[in-house]
Amino acid sequence: MAIGFLLFTILALASSLAYASDPSPLQDFCVAVNDSKATVFVNGKICKDPKMVTADDFFFSGLNKAGNTSNPVGSKVTPVNVNQLAGLNTLGISLVRIDYAPYGLNPPHTHPRATEILVVVLGTLYVGFVTSNPANPNMKNKLFTKTLYPGDVFVFPEGLIHFQFNVGKTKAVAFAGLSSQNPGVITIANAVFGSNPPISSDVLTKAFQVDKNVIKYLQGQF
């Protein structure tokens with residue numbers, strides 16, 4: 001009897017702790033403000049009056065159309081998140097279509113708030129992700145890669161740097177689901193070399209262990 005009561009107490013405590021944590025953020029930051037009149041909503045958008053909701057609030061059209069891949073990386077992501085489809089608010093899910101020109105690349109990037117599951121519908125993609133820094137400083141970040149064909153599926157864990165590269169001579173198309181209504185995206189090269197204002201070249205020179213002229217050249221590309 002005593003053991004049973006102890007187990008029940010432990011489970012009850014664990015359950016209460018599980019509900020005590022903060023929800024995952026749906027924005028990059030939220031600076032606190034001591035203002036009773038502030039009306040900025042956190043982790044979602046203001047809800048529409050249910051009596052005014054229609055089927056169109058849950059509808060999006062256009063993912064049958066190819067994205068324009070005429071850009072330096074040769075890819076185009078067409079998102080369907082809460083900003084395009086209002087009915088996704090609070091539902092914790094979104095979708096993207098990705099078009100790739102021959103040898104087009106969806107550059108290394110992260111989704112700070114979502115895991116991504118990708119399915120190839122056309123073409124051949126070389127995809128991969130890199131693990132976070134290992135606990136052992138003598139070990140390196142591990143790369144997981146796979147070549148995907150139509151019908152193949154691959155998962156990119158939340159927050160990890162990942163990419164897709166069209167290794168074929170023809171265009172490729174993939175669709176991906178993400179576990180957030182607003183997953184966010186950080187394209188590594190753009191963020192590091194194209195921020196506004198720019199990161200100090202002294203910082204980047206030391207971080208990348210290259211000549212300062214290399215850093216200035218890379219910043220000039222963005």
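Cβ from N, Cα, C; glycine included.
According to TrEMBL, the feature signal peptide maps to 1-20.
Cβ contacts within 10 Å of Cys30 (disulfide bond), excluding its own Cβ and spanning all protein chains shown: 12. Positions annotated as disulfide bond by TrEMBL: Cys30-Cys47.
If you look up TrEMBL, you'll see 61-216 marked as domain 'Cupin type-1'.
Summarising the annotation, TrEMBL assigns oxalate binding site to Asn106, His111, Glu116.
Here TrEMBL flags His109, His111, Glu116, His162 as Mn(2+) binding site. Cβ environment of Glu116 (oxalate binding site): Val155, Phe156, His162, Ala176, Gly177, Leu178, Ser179, Pro183 lie under 8 Å away, each six or more residues apart in the same chain.
Here the C-alpha separation of Cys47 (disulfide bond) and His109 (Mn(2+) binding site) works out to 31 Å. Between the binding-site residues His109, His111, His162, the minimum number of other C-beta atoms within 10 Å of a residue's C-beta occurs at His109.
With the fewest other Cβ atoms inside 10 Å of its Cβ, the least crowded of the recorded positions Cys47, Asn106 in this structure is Cys47. Neighbours of the oxalate site: apart from Asn106, His111, Glu116, residues of the same chain with C-beta atoms within 8 angstroms of the site's C-beta centroid are Val96, His109, Thr110, Ala114, Leu118, Phe156, His162, Ala176, Leu178, Pro183, Val185.
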